[in-house]
Each structure stands twice: as structure tokens, then as C-alpha cells.
Amino acid sequence: MSHSPSSVLLTTPKQFSFRAMPLPTEALEAIVALEQRAHSHPWSRSLIESGLSRYACWGIQAQNEWIGFAFVSIVVGEAELLDFVVAPDCQGQGIGTCFLEWLMQQVASQASRMYLEVRESNASAISLYQAAGFAEVGLRHNYYPTEKGSEDAILMATELFL
């Protein structure tokens, strides 16, 4: 298996190993497919393509397959986690926790605080973010589309430390 020179091997407490690295533009099609599998209202292909050039983007691979990614906007010492995905069939193994902790370390050299929005119905993501030190700081009413209308977004934030 060939590895990017800037990739890092991460291992969860359950001994699942994967590689984290900057997300290459060549991964676009795989990331679009992963986004569509992971979200009921996914980002469009054009938004993902634009994001790859506008944001700090990292991905994770296991056995040469993309199993997750993150898009982060970093502006004037603050970071916003715009999209964070772990493949649905890879969830529940500690991969998200391990990837998020690593991601926060990468961003900490450029930002002192990280923000995110999460669907109020996404209990597993909320638990993941709380375990990583995020706390609720606000609410955006009717922010996310749903099959029957909309739902609120919970705004969360955490301090980042080197």
C-alpha cells in the first residue's frame, strides 16, 4: 500500500488502524460518494469540489479505501468544522473519536477555538463532539432540511490546545 509522505497511521483503542492525511483533489469522486452515503441531505458535488480548494481538508483511509473526511474553515485564529464524515459501515469503532482528536491537534497550531453545527437529532455525533470537549453554545432554528420540513442545528465550540 502506498502512502502519502504526510500521512499518519492512527489506531483506535479497539485496534482498528487507518491513515490520516491531507485530502487530495484526486479523491473527489470517492468523497462525493461517501458524503451521499453518510448524509440524508448531502453536500453537492460542486460544493465538495469547491471545498477541496477553499478549506483545510483531511481524509482517512483503511486498506486504500476512503472511510472518512473533514472540511475545516480556518479564519483569524478560529476554526469551523464544516463537514465531518466517517463511513456509516465504519461507525461505532472509535474511528470518529480518533480522527477528530487528531484533526483538532492539526488545527490547534492555526486556531485557538473550533466551532461546529450538528443536527439536533444526530445523537451519536453530539456524543462524539461532547466527548472531544465541545459544549453547546447556541441554537439555529430550522437550519437543516428534513423530509418533513426542517430541524434545529446545535452550535458547539471547544478550545484548542497545542
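One is the number of the first residue shown, and numbering goes on along the chain from there.
Yeah, the Cβs are placed from backbone N, Cα and C, and that goes for glycine too.
Note: TrEMBL annotation is automatic and uncurated.
The feature domain 'N-acetyltransferase' is assigned by TrEMBL to 18-161. Per TrEMBL, active site, proton acceptor is recorded for Glu117. Under the heading acetyl-CoA binding site, TrEMBL lists Asn122. TrEMBL lists Tyr129 with the feature active site, proton donor.
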Three-state secondary structure, which DSSP defines for Glu117 (active site, proton acceptor):
strand
For the active-site residues listed here (Glu117, Tyr129), tell me which residue's CB has the most neighbouring CB atoms inside 10 Å.
Tyr129
Would you mind giving the whole-number mean pLDDT across the domain 'N-acetyltransferase' (18-161)?
96
Helix, strand and coil counts within the domain 'N-acetyltransferase' (18-161) (DSSP):
49 helix, 62 strand, 33 coil
Measure from the CA atom of Asn122 (acetyl-CoA binding site) to the CA atom of Tyr129 (active site, proton donor) and give the result in Å, rounded to a whole number.
11
